[in-house]
Amino acid sequence: MLHYLLSVLLLIFENILELCMCITLVILIYYFWPSKQLEDATLQYFPDTTQNSSEVFIDPPERNPIFYPISPLRHKKRSSKEEMTPDKKRDSSEKISKQPPRELFEPNEQEQVPSHIKPEIFFVLKALEGLELPTTWQLDPKDVETLSIDTGSVVLSPGRANDVIVVVISGELGIFTNVSLGDKRYDCNIKTLRSGESYFSQTSIIEILMNEKPNNKYIHLKALTSCRVATYHLTSFHTSFIANPQQWIRTIQVVMTRLQQCTLITCNMYLGIGGKCLNAKRKLPDSGKFKDFNKLTEAEQLNKGVEAIAQAMGIPDQSDKLREKVRKYECQAGTVVTEENSFEIDMIFVVFGKLRLKRGDLEHDDTGTSLTFDVYPGDMLPSMQILTNEPAMCSAKALEKTIYFKICRDEYIQFLFAHPVIYLRLAFHALQFISPFARVFDMAVHWHRIETGQALFRQGDKSDSMHIVMGGRLRAVDSTKIIEEYGRLDLIGITDMAEKRPRRNTVMAVRFSHIVCIPENLLSFVKIRYPQVGNKLLKLISKCWKAPTPETMSHVETTRNQNLRTIAIVPASRRVPLTEFTCELYNQLSKHVKTLRLSSSVVENYFESEVITKKADYGLMHWLNVQEIAYSLVLYQCDFHKTNWTRRCLRMADAILMVALGTESKEEQVLAEALLSCNEKGVRQSKELVFLWPIDTPTPSGTAAWIKESYYSGYHHLRAPNRLFSFPLKTREKKIVEYYETTVYGEISYQSDFSRLARILTGNAIGIVFGGGGARGAAHAGALRALIEKKVQIDMVGGTSIGALFGSLYATTPDIRAVGRMKDFFTDRLRNNILDVVRDLTWPYCGILTGHRFNLCVQRMLNDVNIEDCWVSFFCITTDLTSSSMRIHRNGIMWPVVRSSMSIAGYVPPICDPQDGHLLLDGAYVNNLPADIMRSLGANVVIAIDVGMSDDNTNLRNYGFSISGTWCLFKRWWPFGEELRVLNMNEVQNRLAYVCCVNQMEIVKNAQYCYYVKLPIESFGIFDFSKFDQAAQIGYDITKQKMEEFFEDSVATRRKLLGCARNVRQTPQKSKNDNILSFVNMPVLPKPPSDIKSD
């Protein structure tokens, strides 16, 4: 009875107390609400949008910091006709930043057959286009024959000469070969040809030029449907070669390069059957004439060796000239004669003993076939390397005492120039090393040469092949979104092919690219012959497979600076110190990757001047492609004029850096746009802005003016050292390079802005994300201080809620001063007296506070700085209530989005986004620790600082279906009895903030790229702003301890966090020779001069 009476009294007391609180609140609002001032401020910054929709948002003046809308009740309500439509919201957003151009996402239209050319002629010319045939050769339309083929009819059968091109005009044609299954043999379709596609054996061209009959032993063509085909016989090639042999050198080189890239590299690197490409049953050279060679005198050895070399090179009448160039060498067993990946392309002719060729450390491929190959007396090497002008695929080691003759590179180039038949003989000799299986594979594989903007395939196309990028860069797009970009040796489309579904995305060429296309039917044939290939393909699929993009990340804009091989550097004005900038950047890049700097003056040292000025030169093009193989990153420095070199730089670039002076306006720097227009193919690469500022610049400014006019995928602000601006504008490039070589190169400051840019470009960027947690975020200050003391580099920063504020403070002042600014924010919050708090109270329609004092506090810390004007790249997370999604903010005025990221529901109202009018709330509700977003924006490693509270579910009271707050308050004050453990409103809010991102947090904790730091500060409340020092000390101690653990984990981890990680990319060795000669526009790779030599 007593218990019942006490409950009734408490209920009455609770109702009376609530009534009194409401009356007090109404009185305080009536007397202290600054209605006139707030109404004026609201009208000043949020004018009536019904009069002028273009004035939805006006930047606040510097000396009158007000706030965003206090409450929707304070504004004129729009009628249904005045509601902002999605189109109007989008228009408003576009005024803040330029939207990506359609060229980034839409490929060119498919090439159509011209009306003035017959389809059969057009398709034959397209099939021959990639061979780069000499201009002296012309196609005679009379030699093209058109045939109508019934279903099942055979067009080409084994035993016939393989000297014909077959092009499908309509219908389908199958390429078949025999395969054994048990005791039976079956016809296996290794490729299906459709309209516009062709069949011909490119290796047969070498035999045709040698006037040999290329026999077809393994292939037959059969019509899968009724079709029309065009045939053209290649016999005219030999006639043209006899008349102009020098002009066919480039075609021979293209054929052999295609063989190496399409067949040899593919089978070895991706299918694991490199040993099957070697012809173990090849006809060995006649070694009898070299019997007892070591017993001959020196003069006899030289005479006999020179005669044999001249005979092998096809110039027996030039023995006397060769004798002056040839040098004899002897080596013992175990001596390495040539190195793998070397550009030492001196020609070697073995006359005694035996050499063994070997690739890598493996003795056998996945099928158990030996990867070694023996070279006997009478063999020349490295013939394939000489032909393709690419690094050696194998090393050569002596198995016994060996005698060989060598002709240095410069000498035999002279012979090649004078006697082009040598080049053809080398190619014919190299084909003797290729197995019949490799030849069949080479006939079915296709080598695409795709111009900028062309589509490799389109969304919805049939997935019947996989592709390998051998050169260039491609981009996968989906409507208006970049999915992925692909560089050299990347795989494309293998997952779609494995899942047998239509292409999910469109893949287009960002620049001129070389692609190897492997049909699904060919892979099935290979798996039948060598089942071990299936395991290799599964590994490739597992590496390429990616989980579907979460909805919360579907709109993340990324710069995709992954696997960059070439970068074009374009000046925004003639006053930009371009050479100095390129040298500074080169110096920092060289500590991460093997880098080459090329400018027009550098290339002129190796080529005739007319080569640089020509619009198209295949020799220079090939030479530049070889540099991409030899170096991990090539910097192309453009000219200050619209020259062919500038055009070539833009065409060869994976990405473009536009360098501008931060102290000058955009109107004064319009040169870059003019230079970009000289690329008639259009600019489809990612284009990023780089602003150069004096070293003592406090804060950048003016970036918004650039991004309003043109789209840039990123922007970087660099505080340049004084030496960058010390040279007069007309100083010769050679003088500047000499200064950097003698004074600067090797001097690395990992804390500099140039070093930060180098890490971003090489994929070594370090990002840090600060999590939300209210006043517990004070621990972020201690964590940041520990990171700075440990010299951990921070290249990108992001955060949620209180972490967004701390991240923004570091982004604008990237040094220890940011810690002091964090403390100032907490001190500012403590200055609010009771009267200020009461004045900020309002009727709890959107929140119990107007947000006015909160706005002033945040804006006082950040002023009117734009996000794009930060020294360090910054983003923050908010919850978009209008679209029920996560928002990632990377541009616009900083303080409103930071404030919205800290807006706890129920306490302060959401902020109306000035760009589109969406309601934004605390980002902790969707992603409290956005390490995954930081990773998607290009960070290689992410340091995640978590100050969220851990769930403590122990001793929670099971109070049933209802509970009285007054009873809980009474129990808290009552000193007798057991403690009542019930979640209060703050605790409920905290837990709600983590409900939606629990799974994401677990993924982040276990991610290999993430270095997770959990700060144990659960004892602090989210409004304990008076305990800054205590929380900061805990953050400092724990973070320092965790960093020491990470450093001790491995040397690689330490180097990553300190910003000095070096990319592990296997790159060929440089040549040791200094001189270079060119022959028929095909120079070999020279040693880079001192001004471009990498450390």
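Cβ coordinates come from backbone N, Cα and C, glycine included.
What Swiss-Prot lists as active site, nucleophile is Ser801. Secondary structure at Ser801 (active site, nucleophile), as computed by DSSP, is coil.
Glu411 (nucleoside 3',5'-cyclic phosphate 2 binding site) is surrounded by 19 other CB atoms, counting those within 10 A of its CB over all protein chains shown. Taken from Swiss-Prot, the feature nucleoside 3',5'-cyclic phosphate 2 binding site covers 327-416.
Among the features that Swiss-Prot reports, domain 'PNPLA' is placed at 768-935.
Swiss-Prot lists 75-113 with the feature region 'Disordered'.
Sequence annotations record features per position, and here Swiss-Prot assigns motif 'GXGXXG' to 772-777. Sequence-distant neighbours of the motif 'GXGXXG' (772-777) (same chain, 6+ residues past either end, Cβ-Cβ under 8 Å): 799-806, 826, 901-902, 904, 922-924, 928-929, 947-949, 990, 993, 1015, 1017, 1020-1025, 1027, 1031.
Annotation comment: Swiss-Prot describes 799-803 as motif 'GXSXG'. Averaged across the motif 'GXSXG' (799-803), pLDDT in this predicted model comes to 93.
Residues or ranges marked as transmembrane segment by Swiss-Prot: 9-29.
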Residue pair Val351 (nucleoside 3',5'-cyclic phosphate 2 binding site), Ser801 (active site, nucleophile) - Cα distance, angstrom, rounded: 76
Residue with minimal Cβ packing [other Cβ atoms within 10 Å] among the binding-site residues Val351, Val375, Leu387, Leu399: Leu399
Cβ-Cβ neighbours of Arg327 (nucleoside 3',5'-cyclic phosphate 2 binding site) (radius 10 Å): 12
Euclidean distance between Cα atoms of Ser801 (active site, nucleophile) and Val375 (nucleoside 3',5'-cyclic phosphate 2 binding site), Å: 68
Site with most surrounding Cβ atoms, counting all protein chains shown within 10 Å, from the binding-site residues Glu339, Glu363: Glu339
Summary of DSSP states over the motif 'GXGXXG' (772-777), given as helix, strand and coil counts: 4 helix, 0 strand, 2 coil
Cα-Cα distance linking Ser801 (active site, nucleophile) and Glu411 (nucleoside 3',5'-cyclic phosphate 2 binding site), given in Å to the nearest integer: 69
Ser801 (active site, nucleophile), number of other Cβ atoms within 10 Å: 30
Structural state of Val351 (nucleoside 3',5'-cyclic phosphate 2 binding site), classified by DSSP into three states: strand
Length of the line joining the Cα atoms of Ser801 (active site, nucleophile) and Arg327 (nucleoside 3',5'-cyclic phosphate 2 binding site), in Å: 74
